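S.K.: Input: one structure, supplied below.
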């Protein structure tokens, strides 16, 4: 089982991730990790932090001569901004008097509940760990599972379908055309846009909307669509709640900072229709075996992969740190005041898509390992080929 933990504060010396359970024998390059970190830093509407950081992962363990060796992989990403925070984020020194305590929580953020939960007299520790800066470590960690999956013919990609009210067409033929060549083809096309949109009109509308809210000191959220191609039928299980693949994928998406909703396939649209207009019918073909003409279920049925492309959707709220303040109060004086501003992005929806790709990768990798077993890439690949051949023969009978 692949599992990972991240550590580090937004303005501490570094972020770290320890990835345990990755099989041995997987070819991994430095670029496999750093290219994903670079993608995360892109996107129209990002804040000043992205001009400071240039994220690179230092591999401290678990890889030898370009291959995973089965032991925990430790990744370290240094924070260049740390040099400006050595006093505020000092680890052992006594706090100096000029460091002001933060006592005014921002609505929509972890500030208030985090301060109360952990008994702090300063909101700063909450801000540091709840920050989406942490996702850099998760993108690095997820890149390892992503490499593993791609070597087995499974690809992950995403694009942004809406930022604010600027939205892609509900039916976009370009998506299906790109997915024919794998989900990474879709992601590469999306990456050509500064807002990771496929439709030029929607892209222009999103950029204009970001510019407008930035002038107003406001922020924007949006919707990201995630696709996973090449997943064989039968991953996950209906037998127990904690083995349901749909639940694990949605949980992974909901773990991303500022994600407030997740959907599989056309779930909410399907809820308004009769079953005869929702369920994806089976058709048998002498040439290809089992066929389906629709994928409204998003590649998941009965909590298991159906063999179709997995389609997920996630909704990101507008970022909680606003230049134009909202009503708040001071925890020290218990008097009303306006909320404070912490350096942030105007819109981080494009980056959230990259993070979403990263967090679903270990989920799919674990479902595959649960089905196939194995400790070395070669034996896992052999078992997957055998299983795929079995599926092919089953539906060609």
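Placed from the backbone N, Cα and C atoms, the Cβ positions cover glycine too.
Quick caveat, the model's predicted, so the values are computed rather than measured.
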S.K.: Besides 129, 130, 131, 257, 258, 302, 317, 318, 319, 320, 321, which of 91, 146, 343 does Swiss-Prot list for that FMN site?
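M.R.: Site partner of 129, 130, 131, 257, 258, 302, 317, 318, 319, 320, 321 for FMN, according to Swiss-Prot: 343.
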S.K.: List nothing but the one residue from 258, 319 whose Cβ has the fewest other Cβ atoms within 10 Å; the candidates are the binding-site residues.
M.R.: 258
S.K.: Long-range neighbours only, meaning 6 or more apart in sequence with Cβ under 8 Å: which ones does residue 131 (FMN binding site) have?
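M.R.: When sequence neighbours closer than 6 are ignored, residue 131 (FMN binding site) has 9, 10, 257 within Cβ distance under 8 Å.
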S.K.: For residue 321 (FMN binding site), which residues in the same chain are close in space, meaning a Cβ under 8 Å from its Cβ, but six or more apart along the sequence?
M.R.: 106, 109, 219, 341, 342, 343, 344
